[in-house]
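Read through the structure below, which is laid out as structure tokens, and then see the notes.
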Amino acid sequence: MEANGKDDLMKPLLQDADAVAVNMAQLSDSKNKKIRTLLFKVNGITCASCSNSIESALGKLKGIESATVSPLQGQAVVKYVPELISAKKIKEAVEDTGFEVDEFPEQDIAICRIRIKGMACTSCSESVERALSMTDGVKKAVVGLSLEEAKVHFDPNVTSTSRIVEVIEDAGFGADIISSGSDLNKVHFKLEGINSPDDITVIQCCLEALEGVNTVEINQQEYRVTISYEPDIIGPRTLMHCIQEAGHGSSTYRASLYIPPRQRELEKEHEIHTYRNLFLWSCLFSVPIFVFSMVLPMLPPYGNWLEYKVFNMLTVGLLLKWILCTPVQFVIGRRFYAGSYHALRRKSANMDVLIALGTNAAYFYSVYIMIKALISNSFEGQDFFETSPMLISFILLGKYLEVLAKGKTSDALAKLTELAPETAYLLTLDGAGNIISETEISSQLIQKNDVLKIVPGAKVPVDGVVINGHSYVNESMITGEARPVSKMPGDKVIGGTVNENGCVLIKATHIGSETALSQIVQLVEAAQLARAPVQKLADQISRFFVPTVVLAAVVTWLAWFIPGEVGVYPSSWIPKGMSVFELALQFGISVLVVACPCALGLATPTAIMVATGKGASQGVLIKGGNALEKAHKVKLVVFDKTGTLTVGKPTVVSAVIFSNISMQDFCDVTISAEANSEHPIAKAVVDHAKKLRQKHSAENEHHPEIEDFEVHTGAGVSGKVGEQRILVGNRRLMHAFNVPVSNEVENYISEHEQLARTCVLVAVDGKIAGAFAVTDPVKPDAARVVSFLKSMDITSVMVTGDNWATARAIASEVGIQMVFAETDPLGKADKIKELQLKGTPVAMVGDGINDSPALVAADVGMAIGAGTDVAIEAADVVLIKSNLEDVVTALDLSRKTMSRIRLNYVWALGYNVLGMPVAAGVLFPFTGIRLPPWLAGACMAASSISVVCSSLLLQSYKKPLHSRVN
């Protein structure tokens, strides 16, 4: 990735798809005021006087903290107190000064991410989503079951993050804020030298007075400060210096970097340990009950002591089982009661309701049997005390294995977050660029425009641009491309990549949440939150699943109990020592606990979580389940030509003279005319002309200046060099200025256009003096990709703004049959729509701003080579590097993922469809096979584990083309 000027270096390599025009930061200053920042465009600003008049008008309004208007960009940044003035009044005040306001948000929208604890199935996530959507001020809420997160868009003037957390907790789930507003750029410091609350106030006031500081939060118990800041304005070292400078007199403050533990990893570890400990405690009680119920009675005389009567018909065995069962039912199993209570309170039902019903039925019936035995000297009955603890034990084992497996689904994302190194070498340079000092600092303390030294074998800490040195950088961890990439001055480097051999100096251009690595992680996390349309099936089933199962359990009990009582089936079917009621109850409980809504809920999100993470590790960023589902249906891929099928770097392959002009003069007038043009072809012509000039031993490097320079869009340039009138461009430019094109020139043009080359003609004083043939080479893998797509039953199409001759030649070279040429950006979108009218799902692959309309119009838009920010925002899939093989990878991965999701549904639905009839005793009359409740619970736990493990198999995915090459 080469630097394309200063403006390009200021842009993030990847831009957040959820970026909005307004960026809020809720600040708490010393007076506890909420201050919000509003960004918008002002049209019509021509000079500094215009911006001053707007600033002056805004400054007179009550509630305006500060107002800054850039005369160059026409952008206004206004900090205001929402309690005193509204955003609408600010807009009206600007319009009253005579200027037009643009890109002004109609309402304030803030975004927060919240971690949710305690969700078990789709019913849980739907309940949270429903509760959030019904909250005043919440505009949109998306809850991810597998990620255990919610992303909430809300109006901060109506509600707050604390209220959102309260709503989630009221629904019966735990909630912790991950991030809110613009606090992605945060730094944490440990404070020393604090002796009183006044010291805290001094530090807070000093920090909040700094420009670029959004929020300051101080933990007075642990002396830690968390600062949210704008990296374009201020950096962490400046903040640290401010804290140290705040000391006065005897008070000396020190600040050291504090890196808080990763909350998600801590909570995941805690969840794993909790389920493991609950399972072990449950086993401690359940195993003896199992031995007393199933093993010892079959081993006389060892089990005879269990039959000793304590009082009336109450035996030692029955009493021991009740004593051991009760802690499992009410202490270890209390989470099922809590889950059931919250589910029923929000008028829904989940797996906890089924487990609570099943275990309670078994436990309280057994208690009834025990009481009858206690008060009767002749009563005999079969208890189910082993059912409840064993059922709970198997379910806890299943949950333990499930959280272990679910932790693996985010392994790829975790590896990405760990790529950035912990330290970096910061250089201090003098005015001449000489190194004064070298300091090793934490990567968290890097600021924009810092000069960093990257030694061989070290990781690049942040995104930047090489300013000195040459090396090869391994970008495989970001792009999936194993071959090291050459880096020279002016080239961009990505944070997290590895410097192979040479030592280079880089200037930091993007830090914190703006780095490509952070953007990739954010994009993948957003994708994992997005719900795929295929999940609607699970959502619809979950709404009536539990009530249906409860009804089926009651019907099963009645279907066995009533016929048994009236003698419809023979008494020989009833096991020894068991009554008709007990047999029917066992079948009913088995139906309750064998049904598993969790497996259905996990079928889609776990597969998408693994697939998006795996794709990100291979340089393919898929924006959620919707993009995955649409991509697997694609039957037609439309390729842009320049920069997609071709390299995108024009080079001159031929130069010829058609007049008596010398090669040196020919090169001189060409360089003078084209030097001011920014067009890629013009740059290629200038570079080639300079090489030709050196080849012909031209010692004088000075080129005459051009006058009356004019750009003719789509045709070329014109101007005067000395007394000569110069034209440089295509055939259209020559015709426009009535310059005759001879047969010799026509033949030259035709010959090279057939070879997919563009001809640049140079005319001096109305006569064509010479020409250059420029080619944009086809990417080496283009033909192989088109061929492989054909083997996948996918048709390839090319659309370009270039001439028909060049377009056909390129298409023929790569094996594409269908071509659309001389098409403008909107025309490309129209062509996409035409193809869609045939009922074929269409994918568009492009790299530039001119491709964005087509990317949006297509069913699946793919931005290749991390193209422009606009293209990335418009795309459904982002291919980080310019490798066309990744188009195949994206489509193949989507197909494999959807196949895996369908297989997961087969596991989940098939298990329930087959398991419930067996549990209901359908096979019992013919084979004698029945499913005891504890075994039914084990099967239910196994179904969830099988679905998660099925999704984890996507971790072994390999690129189809890459594997072919190797």
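Here, residue 1 is simply the first one shown, and the rest follow in order.
Cβ atoms here come from the backbone N, Cα and C positions, even for glycine.
If you look up TrEMBL, you'll see 36-102 (among others) marked as domain 'HMA'.
For 110-176 (among others), the entry in TrEMBL reads domain 'HMA'. Per-residue pLDDT, averaged across the domain 'HMA' (110-176), gives 83.
Sequence annotations record features per position, and here TrEMBL assigns domain 'HMA' to 185-251 (among others).
Residues or ranges marked as transmembrane segment in TrEMBL: 278-299 (among others).
As annotated by TrEMBL, transmembrane segment applies to 311-332 (among others).
Per TrEMBL, the feature transmembrane segment maps to 353-375 (among others).
Marked as transmembrane segment by TrEMBL: 387-405 (among others).
Under the heading transmembrane segment, TrEMBL lists 544-563 (among others). A Cβ distance under 8 Å defines the sequence-distant neighbours of the transmembrane segment (544-563), meaning residues of its chain 6+ beyond its ends; these are 123, 349-351, 353-354, 357, 569, 580-581, 583-585, 587-589, 591-592, 595, 597, 600, 916, 919-921.
Per TrEMBL, the feature transmembrane segment maps to 583-604 (among others).
Taking Cβ pairs closer than 8 Å, the transmembrane segment (905-928) reaches residues 537-538, 549, 552, 556, 559-560, 569, 573, 587, 590-591, 594-596, 599-600, 602-603, 936, 939-940, 943, 946-947, 950 in its own chain, all 6 or more past its ends. Annotation comment: TrEMBL describes 905-928 (among others) as transmembrane segment.
Per TrEMBL, the feature transmembrane segment maps to 934-954 (among others). Beyond the transmembrane segment (934-954), the same-chain residues lying 6 or more positions past its ends with a Cβ under 8 Å from any Cβ of the stretch are 355, 358, 386-387, 390-392, 394-395, 397-399, 401-402, 405-406, 408-409, 589-591, 593-596, 598-599, 602-603, 606-607, 609-611, 614, 896-897, 900, 903-904, 907-908, 911-912, 915, 919.
Outside the transmembrane segment (311-332), and at least 6 residues removed from its termini, the chain residues within Cβ reach (under 8 Å) are 278, 281-282, 285-286, 288-289, 292-293, 297, 303, 305, 359-360, 363, 366-367, 369-370, 372-380, 383, 385-386, 388-389, 392-393, 396.
Secondary structure by DSSP for the domain 'HMA' (110-176): 22 helix, 24 strand, 21 coil.
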